[in-house]
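Per Swiss-Prot, the feature [4Fe-4S] cluster 1 binding site maps to CYS37, CYS42, CYS48, SER274. Summarising the annotation, Swiss-Prot assigns [4Fe-4S] cluster 2 binding site to CYS63, CYS67, CYS70 and lists sequence analysis as the type of evidence. Marked as domain 'Radical SAM core' by Swiss-Prot on the basis of sequence analysis: 49-263.
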Amino acid sequence: MAQHLRKPDWLKIRLGGNEQFTKTKSIVESHCLHTICTSGKCPNMGECWSRGTATFMIGGEICTRSCRFCNTLTGKPLPLDPKEPANVAESIRLMNLKHAVITSVDRDDLPDLGASHWVNTIRTIKEVNPQTTVEVLIPDFQGRLDLVDQVVDAAPEIISHNMETVRRISPQVRSAAKYDVSLSVLRRIAERGVVAKTGIMVGLGETEDEVLELMDDVLQAGVSVLTIGQYLQPSRKNIPVSEYVTPERFEYYRQQAVNKGFKKVESAPLVRSSYHAEKHI
């Protein structure tokens, strides 16, 4: 059965522990911040934190959705922390980041679904760190393109929204999110002239043809940056891994994506949407 699949050697994870890792951890904790690195049990946390990079998660740590692949806490979120934008901006300054990546939980409980908090965070980061480029990984805002426009108007350099998986499997693993709604979000980002980026997981039972079809869909929507990584089951409550995709097939996907016309492609077992994000500017 899928949940008993043995993890292959190519998925060995590097643990952190150097001085820079400790400094990153200290900055994050002292400013009472959340990161997707910890909440999502990211396999690259050791490497990234040891390089002094982290992906900040705003809007609190409790998500209003319960996607079957995700390890983030779900339930009724706390009110937004008005100090969070300033704390994120100051942490970026202390870490001396040239490129900052921000994501968020879904806040379907808020009238504007968290869009104004996104805007405040991006603008505060840019005020405090004028030389830092900003990449944001946004939710679908329930398909409300007026809210997507608000984020675009805050002028981040890259806006990412993850498709997560192929069309057929999407309803099984994404809570409330819809494949075509995500495409509409990405299309709006690209239409506004911002670099549009998306990421998917493989190993959920998709076929090669379905992955190639997704590439065509997002390319047609205007996406220029694509990341592909192995789905890893973060806990027993999450959907089990269907398959551990070989490095050779990841390379095949990378070549196919490049041939189709994507400008930047990351495709390897441990790739996540914010992995080596500074290269995507």
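Note that Cβ sites are derived from N, Cα and C of the backbone, with glycine treated the same way.
Source: prediction; values computed, not measured.
Structure coloured by features recorded in Swiss-Prot.
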residue	record	DSSP class
CYS63	[4Fe-4S] cluster 2 binding site	strand
CYS70	[4Fe-4S] cluster 2 binding site	coil
SER274	[4Fe-4S] cluster 1 binding site	coil
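Between the C-alpha atoms of CYS70 ([4Fe-4S] cluster 2 binding site) and SER274 ([4Fe-4S] cluster 1 binding site), the distance comes to 15 Å. Cβ neighbour count for CYS63 ([4Fe-4S] cluster 2 binding site): 23 (other Cβ atoms within 10 Å of its Cβ, all protein chains included). Each of the binding-site residues CYS67, CYS70 was scored by other CB atoms within 10 A of its CB, and the lowest score goes to CYS67. Sitting within 8 Å of the Cβ centre of CYS63, CYS67, CYS70, and not among those site residues for [4Fe-4S] cluster 2, are the Cβ atoms of ARG65, SER66, PHE69, ASN71, THR72, THR74, VAL105, ASP106, SER175. For the pair formed by SER274 ([4Fe-4S] cluster 1 binding site) and CYS63 ([4Fe-4S] cluster 2 binding site), distance between Cα atoms is given as 19 Å, rounded to the nearest Å.
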